[in-house]
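Copied straight from Swiss-Prot:
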- ASP21, LYS43, 70-79, THR129, ARG190, GLN199, 219-220: substrate binding site (BINDING)
- LYS72: active site, proton donor (ACT_SITE)
Amino acid sequence: MNPLIAQGESRTTSPVVVALDFADADGALAFASRLDPAECRLKVGKELFTSSGRHLVESLAARGFQVFLDMKFHDIPNTVAQACKAAAESGVWMVNVHASGGRRMMEAAREALAGYSQRPLLIAVTVLTSMEASDLAEVGIAATPQEHVLRLATLTRDCGLDGVVCSAQEAAMLKLALGRDFKLVTPGIRLADSAGDDQRRVMTPTAALAAGSDYLVIGRPITRAADPLAALRAINQDISVFLGKQS
């Protein structure tokens with residue numbers, strides 16, 4: 001990992017990961033300048049990374065942000081291992097792979113990151129939040145989303161990864177089955193008054209935390225807000241109040 005990038009990171013206790021759903025680096029960096037790295041992390045997905053590349057990730061990290069590189073690597077073991085190493089070299093905080101790539105692929109990814117003193121969290125994707133039982137059936141999987149999530153998440157844990165991406169509806173089940181140290185990253189987070197958009201299995205921030213989620217990926221409620229930092233702070237305040245009641 002680039003030591004200059006690592007030194008520039010601002011550690012945050014907020015579980016919020018803001019999804020940078022922008023088409024290019026200019027838009028993403030302009031938006032990031034309106035946020036505080038002490039109050040959130042950022043997610044860079046396939047569209048943005050494909051258009052802007054490693055330089056964007058390094059620029060965000062140099063500004064103090066911890067970056068989740070959401071590329072969902074899914075290929076032969078050696079290719080995924082090398083991709084994960086490249087992600088670590090760019091200074092990311094978290095990177096993910098598809099659990100459906102299987103044991104050898106996930107173990108190769110884990111081993112590729114083992115030598116880094118500041119190793120990124122390695123997370124696996126189970127079932128995409130846009131998918132329902134009918135979608136799984138069309139690709140030959142005779143299981144409910146919950147059943148398939150548990151199967152893939154168990155395999156992920158057995159391969160030594162840090163956690164999974166899952167919907168909040170599966171969080172309680174996974175915490176019970178796989179333990180509290182197994183991290184759950186939850187997309188599909190919406191505020192109570194937000195439209196569901198294209199993610200079917202959605203939940204509010206505090207409900208997701210109550211269910212067992214560790215990190216909350218939030219996009220439109222923050223990126224489309226007139227004042228993104230104010231929206232982020234309102235969410236963090238709600239989370240702080242909720243967590244205070246739990247302690």
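Note: Cβ is positioned from N, Cα and C throughout, glycine not excepted.
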Please report the number of other Cβ atoms within 10 Å of the Cβ of MET71 (substrate binding site).
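Taking all protein chains shown, MET71 (substrate binding site) has 20 Cβ neighbours within 10 Å.
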Within 10 Å of each Cβ, count the other Cβ atoms, then let me know which of the binding-site residues PRO77, GLY219 comes out lowest.
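Sparsest of the binding-site residues PRO77, GLY219 by Cβ contacts within 10 Å: PRO77.
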Given the residue listed as 'active site, proton donor' and GLY219 (substrate binding site), what distance in Å do their CA atoms have, once rounded to a whole number?
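Here the two Cα atoms lie 18 Å apart.
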Other than its own, how many Cβ atoms are within 10 Å of the Cβ belonging to HIS74 (substrate binding site)?
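Cβ-Cβ neighbours of HIS74 (substrate binding site) within 10 Å number 16.
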For THR129 (substrate binding site), just count the other CB atoms lying within 10 A of its CB, please.
24
Per DSSP, ASP21 (substrate binding site) is which: helix, strand or coil?
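In the DSSP reduction, ASP21 (substrate binding site) maps to coil.
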Tell me the coarse DSSP state (helix, strand, coil) of HIS74 (substrate binding site).
coil
